[in-house]
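> Pasting the relevant annotations from TrEMBL:
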type     : residues : note
COMPBIAS : 437-446  : compositional bias 'Polar residues'
COMPBIAS : 447-458  : compositional bias 'Basic and acidic residues'
REGION   : 436-458  : region 'Disordered'
TRANSMEM : 39-57    : transmembrane segment
TRANSMEM : 69-88    : transmembrane segment
TRANSMEM : 94-117   : transmembrane segment
TRANSMEM : 137-160  : transmembrane segment
TRANSMEM : 199-222  : transmembrane segment
TRANSMEM : 289-311  : transmembrane segment
TRANSMEM : 323-341  : transmembrane segment
TRANSMEM : 347-365  : transmembrane segment
TRANSMEM : 386-404  : transmembrane segment
TRANSMEM : 410-429  : transmembrane segment
Amino acid sequence: MERNLKNVLVISFGFLLLFTAYGGLQSLQSSLNSEEGLGVASLSVLYAALILSSMFLPPILIKKLGCKWTIAISMCCYIAFSLGNFYASWYTLIPTSVILGLGGAPLWSAKCTYLTIAGTSYAEKAGKNAKDIINQYFGVFFLVFQSSGIWGNLISSLILSQSSTKVEISEEDLECCGAYNCLTDTTNTTGSAKPSSSLIYTLLGVYTASGVLAVLLVIIFLDQIKSDQAETEKEKLEAPSFWSAFLATFRHLKDRRQCLLIPLTMYSGFEQGFLSGDYTKVYVTCALGIQYVGYVMICFAAVNSTCSLLFGKISQFTGRKLLFALATVTNTACIIALLLWKPHPKQLAVFFVFSALWGLSDAVWQTQTNGLYGILFEKHKEAAFANYRLWESLGFVIAFGYSTKLQAYIKLYILLSVLALSMVTYGAVEYLEAKSSPGTPSATNKENGRLRSQETCM
């Protein structure tokens, strides 16, 4: 096997193992550690740490350690979070959430850098277009990685469904489920009764082992990028300093298009935070039981992955505006329906319909927003994507921060308001672009291939 492709597969399966564990744990946090809102508080802290990490750590660690060891050490930060869940308390889960957040940005940046250098290196040897090879490598990576959401949630559902504590949910208890949920731990006495400690430890043991395997796979089989590669050396020498990276992120806010995209970028964090922090708890766990969370999130992950691939293909024909409109209509319909719907175990299919529709919308928010950043800010990609990480993470922080303080219907109204504001400001961006280049066709077709690699760096 060609060595560069081997390295791509090692990174891909390493991320698959790592995020099989983390993705499953994130979906369960609001239900598994619901006491005093510990689970969602840990996620809020995690994304706050990720904001700081995104600003400072990636260029420093990659320059000092190289891509391989940055990936390996950052993966260990994710394992720490799994270990913190064995004895979940404010003194274990919050510190390990900080550790994971600090390791998140270097992990993804090192992965993007490694695949880009590997693709460029092979293209030079084979006499091929570097852009095409890089796109192929990222395509292989996401083909493998995207399935982590399925495997992680499948593991949790299969293990937690073994619980012998099946509790019948009374109609009175079901009144505390849905948009007008009770701001108490009432839901913990219904079908969402916490599984036994042995099942939880089994699940956490599987997740931890998956993370350890990911680290070992990278350490043993991933080649270090050769230091004598001219391009690598150039990147190292030109790596931004601690403060220059920080200042460049905020200097980019002078571009009014970036300011107008802030609501849309934050909405991405809000809607993902609602799904994993609120929908899984006050709808799925409350009415069906915690063992169904994994199955519902598998539906979300499968639709999200499929639609991401589909929208990437058809965007060159439809343009991004039509896809944004589709996501807006779909998300708005879901929010209104969730405000009106009273979840009930007899309506099992409905729980999956909502997660599928949410997956369709999220696929647009992720692929098209990333692509939009790449098109608009081609000459300042680093600062632009740093802003993307900053504002999306802030959306996560806020969504998880108020998760235990507000009833679900208030959070749904907040989602609807932010979505409406996002579409207004996004429309303003499109207007500014059309005004600045009248008669010029959309740059989507031209940039579509290259953006597939750019958007994965998020």
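These residue numbers are counts, starting from 1, taken along the chain as shown.
Keep in mind that glycine also has a Cβ here, set from the backbone N, Cα and C atoms.
Where the annotation comes from TrEMBL, it is an automatic prediction and has not been curated.
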> I need to check the long-range neighbours of the transmembrane segment (137-160): which residues 6 or more away from its ends have a CB within less than 8 Å of a CB in the stretch?
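Distant Cβ neighbours of the transmembrane segment (137-160) are 4-5, 8-9, 11-13, 15-16, 18-25, 27-28, 111, 115, 118-119, 195, 199, 202-203, 206-207, 290-295, 297-298, 300-302, 304-305, 308, 452-453, 456.
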> In terms of Cβ proximity under 8 Å, which residues at least six beyond the ends of the transmembrane segment (410-429) contact it?
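Those are 179, 257, 260-264, 266-267, 270-271, 274, 278, 324, 328, 331-332, 335-336, 338-339, 372, 376, 399, 402-403, in sequence order.
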> Which listed range (39-57, 69-88, 289-311, 347-365, 386-404) shows the maximal number of Cβ pairs under 8 Å with respect to the transmembrane segment (199-222)?
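By Cβ pairs under 8 Å, 69-88 leads among 39-57, 69-88, 289-311, 347-365, 386-404.
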> Using a threshold of three or more Cβ pairs below 8 Å, and leaving out pairs closer than 6 in sequence, do the transmembrane segment (289-311) and the transmembrane segment (39-57) count as in contact?
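The answer is no, given that the two segments have fewer than 3 Cβ pairs within the 8 Å cut-off.
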> Near the transmembrane segment (386-404), which same-chain residues lie under 8 Å Cβ to Cβ, leaving out any that are not at least 6 residues past its ends?
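Sequence-distant neighbours of the transmembrane segment (386-404): 30, 36-37, 40-41, 43-44, 47-48, 50-51, 54-55, 105, 183, 245, 248-249, 252-253, 258, 262, 265-270, 272-274, 277-278, 369-370, 373, 411, 458.
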